[in-house]
Amino acid sequence: MGDRETSNHSEVTDFILIGFRVRPELHILLFLLFLLVYAMILLGNIGMIAIILTDPRLNTPMYFFLGNLSFIDLFYSSVIAPKAIINFWSESKSISFAGCMTQIFLFALFIVTEGFLLAVMAYDRFIAICNPLLYSVQMSTRLCTQLVAGSYFCGCATSVLQISMTLTLSFCASRAIDHFYCDTRPLQRISCSDLFIYKMVSFSLSSVIILPTIIIIVVSYMYIVSTVLKIRSTEGRRKAFSTCSSHLGVVSVLYGAVFFMYLTPNRFPELSKVASLCYTLLTPMLNPLIYSLRNKDVKEALRKLLKKKTVLFNSFLPVV
C-alpha cells in the first residue's frame with residue numbers, strides 16, 4: 001500500500017484549479033473585479049510603505065509595525081491574485097505541483113506572520129495607552145525589531161511544518177482542486193491518504209497559532225478599555241480609542257473571515273471560497289484604507305507627499 005501511494009504521489013505533476021462555479025459569461029466580470037481589487041492592493045500597500053519611509057514624523061514603533069503589515073499584505077495577496085486572474089482566461093486552469101506547494105508555503109508564511117504581527121500591534125497599543133510615560137523606553141528599536149523578526153520566524157516555522165505534512169499526501173484519482181488557489185482543505189478532499197494524523201496535527205498547529213495571538217489581543221484591549229474609562233475628559237477618551245479603532249477593524253476583518261472559513265463545513269466549498277476572498281484580497285485592500293482614513297498623521301503625510309510630487313511634476317512642465 002505504501003509503495004502504491006508513493007507511486008501515485010510521484011505521478012502528480014500538476015493540479016486543476018476549478019475556481020468559482022459560475023457561468024462562463026461571468027468570468028470576464030470576475031476577471032475585472034479581481035484585477036481592480038489587486039490594483040488597489042498594490043496601490044494602497046505600496047503607497048502606505050512609501051509614506052512611512054519618507055515621512056520622518058512616522059518613524060515610530062506603531063508605523064514600523066504598520067509598514068511591515070503593508071509589506072505582508074502586499075506579498076501574500078500577490079501569492080494568490082495573479083494566478084487567480086490568469087485562470088479566468090486560461091482554458092486549462094492548471095498549476096504545477098511545485099507551484100501549488102509554493103503557494104501553500106508562502107501563503108502560510110505570510111498569513112501566520114500577519115496574525116502574530118497583529119498581536120504585537122495590540123501589545124504596542126497597550127503600552128502606548130496604559131504606560132505612556134515609559135512607551136519610548138519599553139518599545140525600543142531593538143525590541144520592535146525582535147518582535148517583528150519573531151513574527152516572521154513563527155510564520156516560517158509554521159509554513160515549513162505545513163508544507164512538510166502536505167508533501168506526505170498522496171493523490172490517487174482527481175487532480176481538480178475545488179478552489180481558486182492551492183489550500184490545504186481542498187487538497188485533503190482529493191487525497192487518498194489517511195488524514196487522521198494530518199488533521200490532528202493541523203488542528204494542533206492552528207490552535208498554537210490562533211489561541212496565543214487572540215489571547216494577547218483580548219487581554220491587551222481589556223487593559224486598554226479599563227485605562228481609557230478612567231480618563232475623565234470625553235475628548236481624552238475619544239483620542240485614546242481612535243488610536244485603537246483602526247487596529248480593531250483590521251483584526252475583526254481578518255479573524256472573522258478565518259473563523260468563518262474554518263467553521264464552514266466541507267460540503268459547502270463555495271462558502272469557503274467567499275470567506276477566503278475576505279482574507280486573501282479584501283483584507284489587504286482594506287487595511288491601507290482603514291489606517292489612512294482613520295489616522296490623521298497618515299493623511300497629513302499623504303497630503304505632503306502628493307504636494308511634493310505635484311510641485312516636482314509641475315517643475316518639469318514646459319513654460320508656455
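Using the three backbone atoms N, Cα and C, a Cβ is placed for every residue, glycine included.
According to TrEMBL, the domain 'G-protein coupled receptors family 1 profile' annotation covers 44-291. Taken from TrEMBL, the feature transmembrane segment applies to 28-53, 65-89, 95-123, 143-165, 203-229, 241-262, 274-293.
Same-chain residues lying 6 or more positions outside the transmembrane segment (203-229) and placing a CB less than 8 Å from one of its CB atoms are 112, 115-116, 118-119, 122-123, 125-126, 129-130, 154, 158, 161-162, 237, 240-241, 244, 248, 251, 255, 258, 262. Here the transmembrane segment (95-123) has Cβ contacts under 8 Å with residues 12-17, 62, 65-66, 68-69, 72-73, 75-76, 79-80, 83, 147-148, 150-152, 154-156, 158-160, 162-163, 166-167, 177, 181-184, 187, 209-210, 212-213, 216-217, 220-221, 247, 250-251, 254, 279-280 of the same chain, all six or more residues outside its ends. Over the domain 'G-protein coupled receptors family 1 profile' (44-291) the predicted model carries a mean pLDDT of 87. Within the chain, the transmembrane segment (241-262) has long-range Cβ neighbours (under 8 A, six or more residues past its boundaries) at 69, 114-115, 118, 121-122, 125, 128-129, 206, 210, 214, 217, 221, 224, 228, 271-272, 275-276, 278-279, 282-283, 286-287, 290-291, 294-295.
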